[in-house]
Amino acid sequence: MRAWIFFLLCLAGKALAAPQEALPDETEVIEDPTTEEPVGANPVQVEVGEFEEPTEDVEEIVAENPCQNHHCKHGKVCEVDDNNSPMCVCQDPSSCPATAGVFEKVCGTDNKTYDSSCHFFATKCTLEGTKKGHKLHLDYIGPCKFIPACLDTELTEFPLRMRDWLKNVLITLYERDEDNNLLTEKQKLKVSPLHHISLLTRSPRPLPWQVKKIHENEKRLEAGDHTVELLARDFEKNYNMYIFPVHWQFGQLDQHPIDGYLSHTELAPLRAPLIPMEHCTTRFFEACDLDNDKYIALEEWASCFGIKER
C-alpha cells in the first residue's frame, strides 16, 4: 500500500510540475537549443569587449528553424523536407538515449522487453498502418515477467483497495500542499461545488475544497493495511467520502482529448506502474469496459468502483 501511495505521488508530482516525459502518444515540442556567449573568467566577470569603442550595430539574421515549434507525437521526431517545411517522421530506435538501469525498461503487449519507453514508441511508430502496430501498446513499467492470473475473488477485492488508495493519495497531496504553502487558505476555500465538473478535467492538482472536507472528517479511515472486510464496511458507512477521489482520478487521466472517455493510451499512466504490483490490474480495467468498445466512459469507470450515477 505504501508503494502505491509513493508511486502516485510521483505521478502527481509530474502533474504539479512540468512533465519530464510525454505520456504515451502525447505530443512533444522539439526545441532548438541555443548556447550562451561565454563570460570572461576574470574576477569581476567582465565580458570580452566591454570597454571597446562602440561600433555600428549590424543585425544578424538567423534563419528560424521550422521544427522549433512543430509538435510530433511520442515516437516521432521533426525533420525538414525539401521545401523547408517541418514534418514528423519515425524516430530511429538507435537514436534513443542509452538507458542507465533496469527500471527504465518497459514491457510491451507483445511480451517483449524494450530498453526504454523511447525505444518502445520508436519501434511502434515503424509499425504504423500494420495490424501488429495497431495492437501493440505499452503494457507496464519494468522488464516483462510472469504475471499470475487474477482470480474472481481477487478481482472483487481490487476496487476496495483502489478506492482507499485514491482517497489516501489525495489526503497526502493535500497535506503536502499545506506544508509547502502551494495555496493560501483563502484559495483552498475558494473552489465551490458548482465548479467541480469543469475544474475536474482541467486542474493538474487535487481540488482542495473537496479534499479539505475529507481530510477534516473524523470518521475517515486512516491509511493502513486494512482487511477487505473493513474496507467494505467503511465504503458503505462513508460512501460520500469516496466519490470525489474516484472522479478525480478519471479527470486526471482524461486529457488527450478531454471527452469523457479513457483510451488505452490515457489509461497507461495509471495501469502501467500498477501491473507489476497488482496482478488484477489488467483484468479489472478490461471489465470496466462494459460495452467492449475499447474505451472506458465516466459512467463505466464510476460503476467499476461502486459509485452510483447521480
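Note: Cβ is positioned from N, Cα and C throughout, glycine not excepted.
Caution: TrEMBL annotation is automatic and unverified by curators.
Candidates considered were Cys96, Cys107, Cys125; the recorded disulfide partner of Cys118 in TrEMBL is Cys96.
Among Cys67, Cys72, Cys78, Cys280, the one TrEMBL lists as the disulfide partner of Cys150 is Cys280. Between Cys72 and the candidates Cys88, Cys90, TrEMBL records the disulphide bond with Cys88. Looking at the candidates Cys144, Cys304, TrEMBL gives Cys304 as the cysteine bonded to Cys288 by a disulfide. On its own chain, Cys304 (disulfide bond) has Pro159, Phe284, Phe285, Ala287, Cys288, Ile296 as residues at least 6 apart in sequence with a Cβ closer than 8 Å to its own Cβ. Least crowded of the disulfide-bonded residues (Cys90, Cys280), judged by neighbouring Cβ atoms within 10 Å of its own Cβ: Cys90.
Cα spacing between Cys72 (disulfide bond) and Cys118 (disulfide bond): 13 Å, rounded to the nearest whole number. In the set Cys96, Cys118, Cys125, Cys144, Cys150, Cys280, none of the disulfide-bonded residues has a C-alpha within 10 Å of the C-alpha of Cys88 (disulfide bond). In the domain 'Kazal-like' (89-146), the DSSP tally of helix, strand and coil residues is 21 helix, 11 strand, 26 coil.
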